[in-house]
Amino acid sequence: MREITVFNTMTRQKEIFNPVTPGEAKMYVCGVTPYNHPHIGNARPFVTWDVIRRYLAHVGYKVTYVQNFTDVDDKIINTSNGEGVTWDVIANRYIDSYFEVMDQLGVKHADVYPRVSTHIDDIVAMIAKLIENGYAYELDGDVYYSVEKFEHYGELSGRTLDDMEAGARIEVDGRKKNPMDFALWKSVKPGEPSWESPWGPGRPGWHIECSAMSNKYLGEEFDFHGGGSDLIFPHHENEIAQSEGCSGHHPAVRYWLHNGFITINQEKMSKSLNNFFLVKDVLQHYSPDALRYFLLSTHYRSPLDFSDERLEEANKALERFTTAIQNVLYLETCPAGQCEEAETLLSKAKEYEEEFEAAMSDDFNTALATSSMFGLAKEINIYYQSVVSRDGVVCQEALAEVKRIFSFMTEVIGILEKTWEGQTGANAEEYDELMQVILAVRQDAREQKQWGIADCIRDRLAEIGITIEDSPQGARWKKREI
Ligand SMILES: [Zn+2]
């Protein structure tokens, strides 16, 4: 199996991936709190992790992917009270919205999507175990984690307890043993959903769910834990304290991977700045492939600036890849024969494949990997030009291998799936039939030397993004991906 290196937030360096179970990759990614439609800041980690799991599967790992929904949370409760509906109405509405946009973005489904509300028993059992192990204490129906008891507290974020206290905006609660102690269980308040527990009715604190769910579905030690870099402290720091305090096993997670944040026109994304871009709104203007490609065009750990210019760049990149795919599909229909250029194309394709895999194996560097796609797309287009400018004969064996390589690249990045199926959108078959009629009319006009009509057809089609290419084998049409 190809060696993969990953940047581990815990050790602050790249490490060779060595799975807990040989041949398997078990990953947990913190999911959304469903109180609003997903914004592009939400989309980045899920698209990133989708590519990581695709690549790990390609390398040969059996991937298990778990991603939670925080369906019990202050923001959901506030939204539900504001709308006069129950909390689960809000949670279900925005979980549906999550799947709708992530499906559009080509994000494959996780193996399990655990929700807080259906895992209260697991959470209560974990809290009880933490009390039993001496890491947690009860206070008037609340339960707190005692951070001083956990020797590794602060290792992930690289802070000491003194740093945390100095830097944190924490509520003053004199009852706690240490100001940094965090809630595992909160006693019920009016207007909030609650569940029974040994400490009275209440609901879980935020952090405990991820420990309970990762432990339940992936075990005491698993391979990857992902999320945005804003989750490193306190959420992931607390997860480690809970998981390891409960199981006694260190480490709970072998590799911590965190994606950088998104800025919008160089400003940090925030609701107050009114630059809170919802995925569904962005998709009114750009295709899902364009947004997905944009999210992957920068390495996942780097900050990413969202702007129309960058989305336009993504569109242009997709156009180039689309042309290359359409050319491959066209060349497949050409007569088979020997041609020298095919050997050159194939050897270059193999070089680009190696480059692509080397980039992806080096901490999933999609930014570098996509440059190999550009290189291969260019070579495919050069080959296409040479074929149509001579006899139209294609070395089909070499072409099949080039197709395998290029389609493997687009599959890992997760774009242009429909283009490979020869589709340009809905009703692709009818669309093509219609275009064949138009091309036949234009051909008639040309044969009758009615150049004005022929040119008019070509120009009007160009205006709506359809280009016509004439070759000795006849005319072809191409639609720009919008
Ligand atoms: Zn989490």
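Glycine too: its Cβ is placed from the backbone N, Cα and C atoms.
Note that the structure is predicted; figures quoted are calculated from it, not measured.
What TrEMBL says about this one:
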BINDING   Cys30, Cys210, His235, Glu239  Zn(2+) binding site
BINDING   Lys271  ATP binding site
COILED    304-362  coiled coil
DOMAIN    355-424  domain 'Cysteinyl-tRNA synthetase class Ia DALR'
MOTIF     32-42  motif ''HIGH' region'
MOTIF     268-272  motif ''KMSKS' region'
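Taking the features listed in TrEMBL, we show where each one sits on the structure.
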| residue | record | Cβ within 10 Å |
| --- | --- | --- |
| Cys30 | Zn(2+) binding site | 21 |
| Cys210 | Zn(2+) binding site | 27 |
| His235 | Zn(2+) binding site | 16 |
| Glu239 | Zn(2+) binding site | 26 |
| Lys271 | ATP binding site | 9 |
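Of the recorded residues, Cys30 (Zn(2+) binding site) and Lys271 (ATP binding site) place their C-alpha atoms 21 Å from one another.
Ranking the binding-site residues Cys210, His235, Glu239 by Cα distance from the residue listed as 'ATP binding site' puts His235 first. Distant neighbours of the motif ''HIGH' region' (32-42): 69-71, 73, 75-76, 78-79, 90-95, 97-98, 101-102, 228, 261-262, 269, 276-280, 282, 291, 295, 306; these residues of the same chain sit at least 6 beyond its ends, with a Cβ under 8 Å from one of its Cβ atoms. Mean per-residue pLDDT, taken over the motif ''KMSKS' region' (268-272), amounts to 72. Excluding Cys30, Cys210, His235, Glu239 themselves, the residues of that chain whose CB lies within 8 A of the CB mean position for the Zn(2+) site are, in sequence, His207, Glu209, Ser211, His225, Gly227, Leu231, His236, Asn238. For the recorded site, His235 (Zn(2+) binding site), the DSSP three-state label reads helix.
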